[in-house]
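Data block below; observations after.
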Amino acid sequence: MTTTTTKTMGRRRGAAAIGAALLFLATASLGAHANTDSNDVTALNVFYTTMNHPPQLKNWVSQNGDPCGQSWQGITCSGSRVTAINLPGMSLNGTLGYNMNLLTALVQLDMSNNYLGGSDIPYNLPPNLEKLNLAGNHFTGTTPYSISQMVALKDLNLAHNQLSTISDMFNQLTNLTTMDISFNTFSGNIPQSFNSITSLKTLYLQNNQFSGTIDVLANLPLTDLNVANNQFTGWVPDKLKKIRSLQTTGNSFSNGPAPPPPPATNPTPTPTPTPQRPALPSSNDNNGPSNSGSKHSKLQGGAIAGIVICLLVLGAMFAFFVIKRKSWKLSRGQDPEQKEPLSPLASGFKRKRHCL
Ligand SMILES: *[C@@H]1O[C@H](CO)[C@@H](O)[C@H](O)[C@H]1NC(C)=O
Ligand SMILES: *[C@@H]1O[C@H](CO)[C@@H](O)[C@H](O)[C@H]1NC(C)=O
């Protein structure tokens, strides 16, 4: 045997050993361990427990198990991660799990039309949800802080619960397109951060006890808005009146044209179409009231015109004075150029200051 063949055989043996090890590891992970990510399993075990072990959920268990590999009812997976939980109308009671924040791959959570709640929504919700539907349950209290961190959220439905307080939590929810929080007991003003929901197309606030104005909604791209049966006051903003599907009945809105919004709350002032007075470049015009937005330039133009007219008048007076003086001096036999013509200039300056 040459040293070359020995080396080659050695390499082959090494490669075979590595291959066997990999195969063993793969088999072991398939066999001994479940398909599902262990954090996802933990969260679903707890959830099953907090729902009081509902027997109607096929294949669910409260210890271990394999949600993806054993096709737990209502569970959708991608690879080893749980991506959706869809269990609407399953007569489930109890509440959500307290560690659902472990479900980091979950994009859809639909638990609508069950009997969950009787308490606040647990605050550790899955952080990367695009769709959260807890409508038609018995949740009470305040909307959880974790919703404010769901930057990917597109569809939020908390309708038909007994929620009473909505946090000012929408600053980061710029992808949210549909929100239904109707038929709760929300009161007070619409939170100011609603104006950050720049993708919002559909908004249902009906049948709560919201009060104040709905002005904060004016610049949202809404195509479907229902604010009926609240305690709103003020005017429905003109922009919102153009919405195809708009419901505002059952409030205390004022009728007639809305007053112009105060400048402080109107970030995009539209030019006010005030009738223009005839623009006369008169020096007397300076102190007159100016209605137009170009007040400054108008005032400046007036001042310049006034100065020009003053100078022209002074020039004419000066010329007249000099000519008069010349002819007077000539008539008295004096040289008109002997004395400096300062006095008329000085008096002219005095007059000019007066003029201004
Ligand atoms: C809650 O659900 C469980 C499982 O479905 C059921 O056994 C139990 O009676 C329900 N409890 C109430 C108060 O409805
Ligand atoms: C918001 O939506 C856009 C378009 O669908 C998407 O590209 C983006 O990733 C989303 N943002 C987040 C934080 O998910």
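Counting begins at 1 with the first residue displayed.
Even glycines carry a Cβ here, placed using N, Cα and C.
If you check TrEMBL, you get these features:
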type	residues	note
SIGNAL	1-34	signal peptide
DOMAIN	38-78	domain 'Leucine-rich repeat-containing N-terminal plant-type'
REGION	248-297	region 'Disordered'
COMPBIAS	279-294	compositional bias 'Low complexity'
REGION	330-356	region 'Disordered'
Take every residue in the domain 'Leucine-rich repeat-containing N-terminal plant-type' (38-78), average their pLDDT values, and give the whole-number result. 97
What are the DSSP helix/strand/coil residue counts across the domain 'Leucine-rich repeat-containing N-terminal plant-type' (38-78)? 13 helix, 4 strand, 24 coil
